Amino acid sequence: MKIRTAGLLFLFLSITFANAQQPIHLIPQPVDIQVQRGSFSITKSASISYNKPQAQAVADMTAQKLNMPTGFGIRAQAGKKGAIRFDLNDTPDSKLGKEGYTLDASSKGIIITANEPAGLFYGMQSLLQLLPKEIESKTATTATWTIPAVRITDYPRFAWRGIMLDVSRHFFSKEDVKKYIDQLARLKYNTFHWHLTDDNGWRIEIKSLPKLTEVGAWRVQRAGHFGNRLDPKPGETASYGGFYTQEDIKEIIKFAQDRNVTIVPEIDVPGHSMAALAAYPELSCTKATVSVNPGTAFSEWYGNGTFKMLVENTLNPSDEKVYEFLDKVFTEVAALFPNPYIHVGGDECYKGYWAQDPGCQALMKQLNIRHVEDLQGYFMNRVEKILKAKGKKLLGWDEILEGGISPEATVMSWRGVKGGIEAAHMGHDVVMTPTTFAYIDYQQSDIDPPIYASLRTKKSYSFEPVPDGVDAKHILGGQANLWTEQVPNLRYAEYMSYPRSWALADVYWSPKEIKNWETFVPRMETHFDRADVAQINYSRAVYDAIIKTSLKNGKLVLELDSEVPNLDIFYSIDDTMPDAFSTKYSQPVELPDGPITLRVITYRAGKPIGHLIILSRDALQKRAGR
Ligand code: ACM
């Protein structure tokens with residue numbers, strides 16, 4: 001027992017401190033790491049080799065990534081003689097599959113092997129993470145470019161490891177989209193779900209329907225919280241927005257392919273279609289003129305996901321013109337994107353305008369449908385036929401299960417995992433992306449600007465994508481979703497994405513058995529330092545106190561906690577600024593009656609580390625559910 005403990009301790013220390021300067025802190029955590037003695041230093045006389053032409057691209061990319069920060073002029077050459085070798089296996093190693101790799105670093109050099117170029121690409125990402133953080137520098141810098149001797153065998157748990165970016169609520173330029181894709185590829189994500197259309201902007205050029213981007217890509221400029229913004233004024237110029245030309249899209253697809261990322265485009269119908277209706281109002285039931293919405297209070301929400309749209313944003317399922325429109329859209333989308341899937345949305349479709357519409361009522365009669373909700377099934381089945389004719393598979397949010405859909409349709413479970421479980425039991429393939437673990441637009445702690453709900457990094461880390469009792473073969477994998485109502489630029493997209501997308505990278509890549517929050521925390525902290533050098537933004541909200549309240553015998557009870565271990569939490573309720581000499585939290589406390597304000601701050605090893613959080617009695621009371 002003693003020996004085992006000592007052995008484990010040695011293993012921990014050797015993994016953490018294999019080299020005094022560079023702990024082995026990879027994200028996602030590889031399947032297996034064997035730490036060896038020694039290290040290898042990359043010098044300016046180092047060379048890179050590749051054994052087959054298909055391995056050249058990653059070898060060239062590695063040279064480029066090394067040369068920028070080191071200032072070296074390392075070149076990649078065909079053969080097997082490089083200090084850094086990229087070797088594609090002659091006989092596939094079945095354990096590695098399409099995306100796995102081995103990385104063998106010794107004092108003699110580095111050999112990365114894989115069955116396919118994708119695996120070599122991921123081997124390169126691990127190699128870069130093994131180098132000191134200065135490797136992230138955008139300019140030539142000095143460092144000892146040493147990697148510890150190590151043997152890694154690695155392959156993903158799930159085939160679908162995605163991130164969704166909503167470019168409708170806010171527009172992200174072509175360069176920003178590329179940067180974001182590059183960042184997710186470093187984390188071994190392989191799917192970019194591109195939410196291209198919504199009420200607030202249509203972002204993809206459709207040549208046969210030019211008004212979609214002439215009109216639909218532009219809204220009036222507005223400040224303030226999304227959902228409470230001022231309506232467009234009559235005659236006001238729609239000056240905010242943008243779209244991707246088909247040439248832009250081809251360029252982004254190629255950029256992504258070079259990084260083993262496939263792009264799933266989303267055209268969100270029949271709801272969330274106000275931008276399309278601003279361009280072609282004849283496709284709605286009322287045919288009313290609408291504007292591309294700048295984030296006004298256009299809906300009312302009643303809890304449990306029930307809501308009413310105050311402005312029509314749905315296509316009319318009873319109008320053949322709608323299907324002609326969709327045929328044109330999907331013809332061009334299918335021709336552009338090589339991915340077998342097209343995401344057709346299907347979420348949050350308000351049926352109130354359908355219920356009032358004589359055409360919809362006639363169609364319901366003809367189809368012998370009693371509930372207006374079932375028109376969604378009719379609509380989705382029509383859309384699926386259109387996609388099938390173009391050789392594409394239908395993917396949609398879990399609402400597509402309502403009203404019936406063919407078993408070949410793939411379901412993205414977002415309203416928790418319930419839809420995913422139901423879909424998998426029915427034989428559908430499923431991508432898990434529940435709000436409860438994977439919605440990275442939610443607040444990370446009390447410091448973040450308010451948005452619909454809260455999701456801490458530790459919670460994301462705890463996600464298990466295969467629910468009990470579900471056949472794992474139907475769970476393709478999972479995603480993080482970044483909706484951008486409150487995300488106006490890439491810098492803030494990064495802030496919302498990290499570290500939660502680091503946590504989810506472990507969830508979707510690493511074996512379930514080795515997932516461990518305590519070992520993730522130091523890896524995350526190493527990546528904070530690396531992100532600083534890379535000038536990638538991230539949130540430090542993991543250091544903020546978790547503040548919970550409850551009501552006990554009419555009294556408000558306060559509970560404080562932290563995500564990161566070994567933090568000290570100090571607080572005040574006497575309108576003083578808390579520090580390490582204030583009351584230290586140790587157990588739940590009953591708060592006194594009266595108009596108190598809670599102030600909380602965390603420290604680590606005697607130094608403040610979290611944000612100061614300030615909550616009024618009203619906020620604390622509300623948190624207790626009253
Ligand atoms: C969604 O969040 N409306 C899919």
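Sequential numbering from 1, following the chain as shown.
Every residue, even glycine, has its Cβ placed from backbone N, Cα and C.
Values in this document were obtained by computation on a predicted structure and should not be read as measured data.
Feature list (source: TrEMBL):
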SIGNAL    1-20  signal peptide
DOMAIN    25-155  domain 'Beta-hexosaminidase bacterial type N-terminal'
DOMAIN    158-511  domain 'Glycoside hydrolase family 20 catalytic'
ACT_SITE  E348  active site, proton donor
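Secondary structure of the domain 'Beta-hexosaminidase bacterial type N-terminal' (25-155) per DSSP (helix as H, G, I; strand as E, B; remaining residues coil): 36 helix, 42 strand, 53 coil. The residue listed as 'active site, proton donor': 17 other CB atoms within 10 A of its CB, across all protein chains. For the domain 'Glycoside hydrolase family 20 catalytic' (158-511), the model's average pLDDT works out to 97.
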